[in-house]
């Protein structure tokens, strides 16, 4: 009968605590996202009346914050406990989910390039729906305001898109402080508004910042790969120790 022996019968403390440190950042980030999300809902009174969640119109940015926070919290918790307790199941769960998220990101990037016209149409419909529900959510207002202010744009395709919202109609029949929903008009009553649509502004912005977008994607991907590498290496060490006994 042959027995397999390994040079080391202990789990590497280096990988173990690197994995823990890596995931404690995940865990803290998840806590922060969840706290911000619930704080935003408390400011809107949603926590006092949970039925308001079903009455929200359009896109509520808080949902995105809570989902990202929840996933990050769960992954960080699984990674931390898995590393400290040398739990193979938790470590496999962590590496599997991270790998799945990476595949989703890569797939989404490829599909966005292949189906550019469909993506453009989806963004257009999303922006128009958000314009229509602008008054229903303060976070949605801030999101659209920031987008228009930073890109010097108004509406999805043109300022007239704001005719969908009765409070910000651009039909010229009234001179209101909120006319057209564009930052330049809400700050002072003038005839000047941004005439470029935000989708066109985004299309103009992307080519000039393609390297920045690529670098951000590469950095995020590398961080994910580091997490998977640490988890798989730690799993291998744990299995060697268990096998040696």
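In case you wondered, yes, glycine gets a Cβ from its N, Cα and C as well.
Annotation comment: TrEMBL describes 153-182 (among others) as disulfide bond. A sphere of 10 angstroms centred on the C-beta of residue 153 (disulfide bond) encloses 24 other C-beta atoms.
Taken from TrEMBL, the feature disulfide bond covers 154-170 (among others). The number of other Cβ atoms within 10 Å of the Cβ belonging to residue 154 (disulfide bond), over all protein chains shown, comes to 27.
Sequence annotations record features per position, and here TrEMBL assigns transmembrane segment to 20-41 (among others). If you look at the transmembrane segment (20-41), the same-chain residues 6 or more away from its ends with a CB under 8 A from one of its CBs are 47, 61-62, 65-66, 68-80, 83-84, 94, 139, 226-227, 230.
What TrEMBL records for 61-81 (among others) is transmembrane segment. Same-chain residues lying 6 or more positions outside the transmembrane segment (61-81) and placing a CB less than 8 Å from one of its CB atoms are 19-20, 22-38, 40-41, 46, 87, 90-91, 93-94, 97-98, 137, 139-140, 143, 227, 231.
Residues or ranges marked as transmembrane segment in TrEMBL: 93-115 (among others).
Panel annotation: around the transmembrane segment (210-231), residues 15, 18-19, 22-23, 79, 82, 91-92, 94-95, 98-99, 101-102, 105, 109 of the same chain, lying at least six beyond its termini, place a Cβ under 8 Å from a Cβ of the stretch. Taken from TrEMBL, the feature transmembrane segment applies to 210-231 (among others).
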